[in-house]
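Below is one structure, written out as structure tokens; comments come after it.
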């Protein structure tokens, strides 16, 4: 393979999965479709219902958008590779894929911390929630999350662009991720590894710390609530977020903090599947199935859809019956004539 860190002729081969490719294609395609339908449904539901125009659902709509983007930056290439004999990706395509996935993945990690703070404000100041979290503050928090994610991705992408790739071009993974690319470089990658661990460690540490502090304050606030029903209602609004946090941070921490020398290739791929496909697919179900407002709105929406379909079929049947009756009358009139 031609050397040079900016050569447009450089390409990589994504080894991905070598066994049961047809079966995996069907499974991953079903997961991707479920991710798109579930998250798009959440976005439409939140944007079209005025009762969801509050900070909590504003952040949730952006979480759904990020889940769609994270999966879309990885899964289409994975699916095409499962059907191809050689899953080849150019150097520019590989760097582009890594950049966008890093942007959306980092932004989601920060947004989960923002959502934890939002839950604290909602439970600690329920009567002044909308005053404490006005629209301007929510927009600033979301924009800040995207800006931090873009900056982190730009730092790592710039580090990759300074490297030379003159050795084997086989990436034993199903997408272009940092550790796999560093193994292929013939340059000194110690600085890249230090920057990666530092940036990822800082982002995860600060985000997790924000989540832990927020939920510690939430628990203290819930403990001060006298009624058991009130405590249950306050804590039930947090369980969905905690489940999403556990899925996302658990798989990401295993992948990036597990030592390179001790992590097997299958372990890395399994962890990657969790935060690239499983977590984005499950998030809309986690938030919808454990949220009474979302469930009731979904039921009303489904009832409207079924009512429209039923009424449309009824009108169609009546129209057909009318045409048949009119045709019968016309034929009788002609016969009488």
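Any Cβ shown, glycine's included, is placed from N, Cα and C.
Taken from TrEMBL, the feature transmembrane segment applies to 23-45, 57-75, 95-117, 129-148, 194-222, 234-258, 270-289. The domain 'G-protein coupled receptors family 1 profile' annotation in TrEMBL covers 38-287.
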Interface present between the transmembrane segment (194-222) and the transmembrane segment (95-117) (three or more C-beta pairs under 8 A): yes
Cβ pairs under 8 Å between the transmembrane segment (23-45) and the transmembrane segment (194-222), at least three: no
Segment-level pLDDT (mean, integer) for the domain 'G-protein coupled receptors family 1 profile' (38-287): 85
Outside the transmembrane segment (270-289), six or more residues from its ends: residues with CB under 8 Å to it: 28, 31-32, 34-35, 38-39, 41-42, 60, 63-64, 67-68, 70-71, 74-75, 101, 105, 173-175, 177, 240, 243-244, 247-248, 250-252, 254-255, 295, 298
